[in-house]
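A.B. asks: Sending over a structure as structure tokens; questions will come in a sec.
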Amino acid sequence: MMAENNLKMLKIQQCVVANKLPRNRPYVCNICFKHFETPSKLARHYLIHTGQKPFECDVCHKTFRQLVHLERHQLTHSLPFKCSICQRHFKNLKTFVKHQQLHNETYQNNVKQVRRLLEAKQEKSMYGVYNTFTTEERWALHPCSKSDPMYSMKRRKNIHACTICGKMFPSQSKLDRHVLIHTGQRPFKCVLCTKSFRQSTHLKIHQLTHSEERPFQCCFCQKGFKIQSKLLKHKQIHTRNKAFRALLLKKRRTESCPMPNKLNANQGGFENGEIGESEENNPLDVHSIYIVPFQCPKCEKCFESEQILNEHSCFPARGGKIPSRFKRSYNYKTIVKKILAKLKRARTKKLDNFQSEKKVFKKSFLRNYDLISGEQSSEQTQRTFVSSLGKHGTYKTTGNRKKKTLTLPFSWQNMGKNLKGILTTENILSIDNSVNKKDLSICGSSGEEFFNNCEVLQCGFSVPRENIRTRHKICPCDKCEKVFPSISKLKRHYLIHTGQRPFGCNICGKSFRQSAHLKRHEQTHNEKSPYASLCQVEFGNFNNLSNHPDNNVNYNASQQCQAPGVQKYEVSESDQMSGVKAESQDFIPGSTGCLPNVLLESEQSNPFCSYSEHQEKNDVFLYRCSVCAKSFRSPSKLERHYLIHAGQKPFECSVCGKTFRQAPHWKRHQLTHFKERPQGKVVCLRFG
């Protein structure tokens, strides 16, 4: 019945094509305006626009738009057509017929090839072979026996062919292993990583990757390998060497010792000594000789070639001689020139205060310290440091005393830990960049003249490396693995990850992560800028004041009007009665956030001024916190500040329950929950 219906449909289509009758399509889709012949086709077309698929498969629950598509899909679950040769299933009759034709073609081609071979071998004249063989296996492998037609027929019976791809195999086990490729099965599974393999040998090789065992060991250099093929490749390195091959082919003397050859400590290469020949082992057997081809005399490491051994050099011990090829690279003057060039580049790029210069010294100079300078005692270091400073210091007369001012770069103040042993124990610069108990003020300059002196460089940096490696980096961050010198800085860093900004401005409501940032921001709301030097030029930022060209401002600790919190330091030389004074180039803001209460002086202005004038300006801060000693202008700000110590946040959001310390923060947060619609209605985002 199905065949008859198909023939009728074909005849109708042929008649329509031959006569080219015009089709009448009165039914139009009101969405895409397509025309259809029948209402059923129009209804089926509407399913495309609605997205409905009414026909569902019972097995896999797939849906289809037409019944024909469902019937075609159901054939994939049943696969009614089965091949009797390779046991494969097909859902379509056409593909099944094509598949059977392939089997017939391969079978016919194989039969034709076998017949041609038999005819060609039978035509050849066979003569008697009188060769004798020691074993039956060698006789079976002889080519004359293979040319026998009776032998070839027996051989052909034992050939196992694959029914899928037609490949031939000598045994059934190999054929079964080959069939796994077509089926996709991997029966051998690893217990540790659940990887599967087709052969057991592959699984055993894979299991070696999980263990640290190296069963295959090189007999020359005792290096272990997990796979035998890698061991064979490694042995080619030994046999490829000319000196190694010469040793193998050379006649051994029985008088020489059987141990490995001696190594000369004065030479860097391998000394080819004579190796004794054992009575049991064959002298030409490579595996019976224990040879280390190229070995370093100091660290006793083995290398595969002489070139690698020449490139390798052990670091010379302290006080030892430097090789001639390293003398040029570790020249003392070239290192100082490189340091100065990098420092100039760092200044032009305007990097941070001292960290850039410190990194330059750390990477370029201290790396080569062991080759340049040996150990020095602390007394020698102090003498060389004071004598070198005497060449580059400047004298200044103040009253009846003649004082000497050191010209130190500002970055050396922060490297106080490296300057231990240079000054006496009373005058050592502390780690927190402050000075202890003596009149030692610091004035800044470019520092190029100071760095040109090699003695100062050698003395200033001839300290143990432990001071640099273990420089108070104790507290690491568990999120980004950054290291900080103190817990307070780590807590301040955690605010970046949490997103908190606890310090808010009362005027504009901006929030900041640090109190110093808030204080700097509050100066933008003031009418007058607080930071002004003696030239009466106002600045909006503290950094702009420090970069001012006329800013020759010094901390003066020798005046009578001593500001609170400033310490006196003095370093006296044995030759003179004058003290050594170091004056700072830049300001260091105090913990209170305002300008330090120190006396400012300039070389061009009057050095005598009263401290009371500066104190009158700061008398505005009347209300002081009893916990942290911070001062405020009004009691309301002091009360708000006390909330930080108490940990209270009185303003709570009614939507999400978050608490805030200030009302502007709470109002600004509430805007995140509400938004305006175009009609002017305000809708809460949480409750819709």
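Backbone N, Cα and C atoms are what each Cβ position is placed from, and that goes for glycine too.
Look at Swiss-Prot and you will find LYS11, LYS112, LYS121, LYS146, LYS262, LYS420, LYS437, LYS681 tagged as SUMO2 cross-link, backed by similarity to another entry. Per Swiss-Prot, zinc finger is recorded for 27-49, 55-77, 81-103, 160-182, 188-210, 216-238, 294-318, 475-497, 503-525, 623-645, 651-673, and the stated evidence type is sequence analysis.
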A.B. asks: Counting by DSSP, what is the helix, strand and coil composition of the zinc finger (27-49)?
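C.D. replies: Residue counts for the zinc finger (27-49) by secondary structure: 11 helix, 4 strand, 8 coil.
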A.B. asks: With DSSP helix as H/G/I and strand as E/B, how many residues of the zinc finger (216-238) fall in helix, strand and coil?
C.D. replies: 11 helix, 4 strand, 8 coil
A.B. asks: Of the listed stretches 27-49, 55-77, 160-182, 475-497, which one has the most C-beta pairs under 8 A with the zinc finger (503-525)?
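C.D. replies: Counting Cβ pairs under 8 Å, the winner is 475-497.
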A.B. asks: Based on Cβ pairs under 8 Å, which of the stretches 27-49, 160-182, 188-210 lies most in contact with the zinc finger (81-103)?
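C.D. replies: Comparing 27-49, 160-182, 188-210: 160-182 has the most Cβ pairs near the zinc finger (81-103).
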A.B. asks: On the 0 to 100 scale, where does the mean pLDDT of the zinc finger (294-318) fall?
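C.D. replies: It averages 64.
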A.B. asks: Which residue counts does DSSP yield for the zinc finger (475-497) in the helix, strand and coil classes, in that order?
C.D. replies: 11 helix, 4 strand, 8 coil
